[in-house]
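In TrEMBL this protein carries:
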- 1-10: compositional bias 'Basic and acidic residues' (COMPBIAS)
- 1-29: region 'Disordered' (REGION)
- 93-462: domain 'Amino acid transporter transmembrane' (DOMAIN)
- 126-146: transmembrane segment (TRANSMEM)
- 173-194: transmembrane segment (TRANSMEM)
- 206-225: transmembrane segment (TRANSMEM)
- 237-260: transmembrane segment (TRANSMEM)
- 291-312: transmembrane segment (TRANSMEM)
- 324-345: transmembrane segment (TRANSMEM)
- 365-387: transmembrane segment (TRANSMEM)
- 408-428: transmembrane segment (TRANSMEM)
- 440-461: transmembrane segment (TRANSMEM)
- 491-513: transmembrane segment (TRANSMEM)
Amino acid sequence: MEEEKKRPEGSEAIDAGSSQEDLKVESYETTHTDQVPLATFIEYAKLERELEDMDYNKHKGREVNQGRLQQLIDELGLRDEIAAANRALKMATWFNVFTLLTTDILGPQKAPWAFAQLGFVPASLIYVAFGIVATYAGLLLAYMYLKLASSKFPLRNYSELAPRAMGGLVGRYVKFVMDGMQIIQFVFLLSGLILQNGQALSQMAKGSPCFSGVMFAFAAAGMVINQIRSLTHLSKLTTFNFCINLLVLFATMGVVAHSAPNYLSAQRNNGVSGTKIVTELFANNSMSQKFVGAMNISYAYGGAMLFVEFLAEMRRPRDFWKGLLCAQTIIILVYLVYGIVVYYYQGQFAINPANQGISLYKWQTAMNALILFTQFVSAAIYCNVAVKVIYRSIIERVFHGPPMVTRWGRVIFSVSVVVFYALAYILASAIPQFSNVTGFFAAILMVPFSYLFPPLLTLALRIRQDGHRKGFQTIQPLNPQWWNAVLWNRWYFKVFDIIIVLGSLACMGMGAWSSITAMIQTFHEKGASTSFGCKPPV
């Protein structure tokens, strides 16, 4: 009876509609979580938010109701020492989130090339539009987290939102798809880094080594470095990486303003010739080129995959919106300024990445050396995180392999690192077209996580919430009363989310088509780099 008193209000209504008898509320790590009703997640999340507010007020020196505070601790199961210790580790503030998001400004090197494909006006509008929609999508992720996450039922990563928001088999299948897409996304990210750094090394050596061999050397070095399973030392370099990236941005803008474009790299990379610099308000390029440029712009807002992890580390997740709005504003401004300035001075000769379009060899080499260091660290981090995701989601859960800390676990981890780098190298060497590969990757993987899944999951959550309020414990698409219950409440939000979902699907389709078309066209151009060839694309 004592345990029954501690259950949140609203649980009784759930039990009446649940087919399971004596449903036990357990950690989200268990296999029985899909049996927990939606309202239970929501009620515990309400208690968690109330406790966070009380902790925040207490931290600020304000008076709080100690009796209610202890009651919340009991109801959320925080008397347990481990649970209490885990919660005490949540110390991140909105400013910490802001710095983490702005540290991810790695994509401005693509901005000048995107402007060259689209022109000043379309590129600027698309950067702002994508930024606004990405911010809205980030707020939706925060909304779902606040509605569904608690100490009793923690949310630790993006894909865990799917089974809670959608429920049933559909939610579990979507989670499976999202986990698979996340793994593939890391392969594409790493292949892009291998290709970009292969171009940098080739330029530094003045194109003398075989390009595929240079990329293999970078991949082989990564295979060795990533045998270290801990990210502790690598993560300390992220702030240093951010400073180096800013230095490269400012130096590149200064150098291109006082030197000619790199005509040879532009001819190899973009297929453009001549020496007259042309800038346009609206670029006169093919539709496929414009869409590839737009997909490279969407790459700028690809950090949504980590938003749930950031929220899970925050002391007060309600404040996430502050860090998100500030960070997205800064990111939009940096991308616009860098893209406009470099495109103004280099025009159609701007390449991707922009720092490799510097014609002065000493400055070009210096920028490549700095970027090479930062990208090597990034590649190591991406691979480490990806292999751990693969290990836990496939090797441990599917094949019931040994824990990573055991001897055989370390062996499997080491082999997985080699396989992961090998796959990324094969992809990079097979299609040595950085801009087109980035566009394809953004279309099929970045766009879904940044623009498609947030409104889709929120739409499903709102429909299920509205159905529950009217007494429907399950989705009943053949019941007219269920449709009447879920359609009209907050219909404007649902319509807007549907528009974003359809727009995202259109971007995915057009972006994938344009990138594939551009790849085929580039391979047929005279002098273009070939698969597993020695000629560099810059």
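Placement of Cβ uses the backbone N, Cα and C atoms for every residue, glycine included.
Keep in mind that TrEMBL annotations are predicted by a computer and have not been checked by a curator.
Stretch with the most C-beta contacts under 8 angstroms to the transmembrane segment (291-312), considering only 365-387, 408-428, 440-461, 491-513: 440-461. Looking at 237-260, 365-387, 408-428, 440-461, 491-513, the range that has the most CB pairs within less than 8 A of the transmembrane segment (126-146) turns out to be 440-461.
The stretch in 173-194, 237-260, 408-428, 440-461 that contributes the largest number of Cβ pairs under 8 Å to the transmembrane segment (324-345) is 237-260. Sequence-distant contacts of the transmembrane segment (206-225), counting only residues of its own chain at least 6 positions beyond either end whose CB sits under 8 Å from a CB of the stretch, comprise 190, 194-195, 197-198, 361, 376, 379-380, 383, 417-418, 421-422, 424-425, 428-429, 432, 529, 532-537. Spatially, the transmembrane segment (440-461) is not adjacent to the transmembrane segment (237-260); fewer than three Cβ-Cβ distances between them are under 8 Å for residues at least 6 apart in sequence. Taking Cβ pairs closer than 8 Å, the transmembrane segment (491-513) reaches residues 133, 136-137, 140, 288, 291-292, 294-295, 298, 439-440, 442-444, 447-448, 451-452, 455-456, 458-459, 462-463 in its own chain, all 6 or more past its ends.
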